[in-house]
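Summarising the annotation, TrEMBL assigns transmembrane segment to 55-73, 93-113, 125-143, 179-205, 217-240, 278-297, 306-325, 331-349, 361-379. Taken from TrEMBL, the feature domain 'Glycosyltransferase RgtA/B/C/D-like' covers 97-231.
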Amino acid sequence: MMAVLVLAAALRLRHIDFGLPALNDPDELMFEMGAIRMLRTGTLNPGWFGHPATTTMYVLALVDLIVFGVGYVTGHFASPTAFADAVFADPTLVILPGRIVMAAFGVLSVWLTMRLADELLDRKVALGAGLVLAVSPLAVTWAQVIRSDIMATSFLLACLIATARHAREPSNSRFVWAAVWLALAVATKWPFALGALPMIAVLLNRWSKGEASFRESLARVAAFGALTLALLLLISPYLVLDHETLWRNLQGEAQAHHLGATGGSPWQNLVWYGQGPVLNGLGLSGSLLAIWGLWLIARHGFAARILLPVLLGFIMVLAAQHLVWDRWALPLLPLMAIALGAAASRVASRVASLGFRAQRLALPVILTGVAAPLAAAALDRTEARAEDTRQAASAWALGNIPPGSTVLIEQFAFDLQAAPWRILFPMGDAGCVDAKAMLAGKIDYATIEAARGSRAIVDYGTLAPERASSCTADYAIIAQYDRYAAESDRFAGELRMYQTLLQQGQERVVLRPQENAPRSGPVVRIISF
């Protein structure tokens, strides 16, 4: 099992510095701004509760504090102000350590998956589940960025382990620990409240077996819910103390459509997840084995009570959403990996009659056949991510745009901050703002939120049309136009903004992702005016 964890760590740490100092995932900056806000103001209020991601920002604040402490002791930062100046000049200082912590949670989720599988079934199933999750491209990809999903999944798995142990040998300590881990999961991402379902199933099973009365079982269910809620508020008290921000953030998260992520009917959403994240995360052979494994687990009462309620709960929630995101499938992967391991173990046991050698080789051969293509795909994704079109655009711009120019950008291109240009960034109702001046002022999330309004994305397309004149520039580096063009029926207004801009200039270079070469990212167009 240690070899599986080493493999998981190696895949998640490879090219984990991709893009830096630029940020290709803008949400990374949002999480870090919450952490930095707490350090700057001396408060435990992160000021944002959309996921709610409280635990994520607490962890990041601790990481930032450690980075500052090391820098202060070694003479790199004379004061917290100097540290903040350094972060806004090059966010690598805090983003890279934050990503490494997320990768650590990714490895932790692999270990917890093996522990859960061993608790429910056996060591062979645990090994198979851990190996598949270790090399899963989806799991590797999202463990390399600062997000709340991997952390929430780890807390969910810890909750399931405590629940399984309580089901096997009931005790107050296991009951409380299950509530602790569930509260941490919910404080990280709201939908992980579904982690309560296995405990409910366990408590009701005691009633069905005559081990407790119906009233006693319901009382324990209520106690579990109340304890979890109390712990949630203990972990994140500002959910109540700053409830106005909470409500505003929840309204902002409730979107009917989103560029590149608008869902359909429940059936269409299920098909999308099955053909996309699940298939990419487990592979075709792994997905088929997982389906069979779920049928096997359904016949195993103990494992079924722990795994199936939360798995089915997440499937129903994903089907009902207006949006579809591949990262939302992350909590499904460990559970389906356990099912895959169960199926692989069953196949291996069935070939035991062919002889001792067949018995020894069957499971390694099956798992290698599933894991090898997944590992190759994970490496391909990692290599492509390290060669992004947005960094290629920055390199072209640095080599071709003359000093003194005014440049409009849409990405968090910190790699252009030292360029001898005036840089404009579209900020919703505020129009295009001077990016360097904004960073020098140590912008926080409240400022961005006020400017973005109800917009899901801040880019040129979502700019207030009457503020377009504030974006007059000599060059524009456009990364969103082609995405809007692909959904022109849904984003006609945003597309018109880009079309008007493009008609005013001359296209200098177009940088596209390449399927047969290691380059990912959006289509980026550089325009001169």
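Heads up, residue numbers simply count up from 1 along the chain you see.
Quick reminder: no glycine exception, Cβ is built from N, Cα and C everywhere.
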With Cβ distances under 8 Å as the criterion, find the stretch in 93-113, 125-143, 306-325, 331-349 that has the most pairs with the transmembrane segment (278-297).
331-349
Express the predicted model's confidence over the domain 'Glycosyltransferase RgtA/B/C/D-like' (97-231) as a mean pLDDT, rounded to an integer.
97
Summed over the domain 'Glycosyltransferase RgtA/B/C/D-like' (97-231), the DSSP helix, strand and coil counts are 117 helix, 1 strand, 17 coil
Might you confirm whether the transmembrane segment (306-325) is in contact with the transmembrane segment (93-113), defined here as three or more C-beta pairs under 8 A between residues 6 or more apart in sequence?
no
Could you tell me what the rest of the chain brings near the transmembrane segment (361-379), counting residues at least six beyond its ends with Cβ under 8 Å?
7, 11, 14, 124, 127-128, 131-132, 134-137, 140-141, 280, 282-283, 285-286, 289, 340, 344-345, 347-348, 351-352
Selected stretch (most C-beta pairs under 8 A with the transmembrane segment (125-143)) from 55-73, 179-205, 331-349
331-349
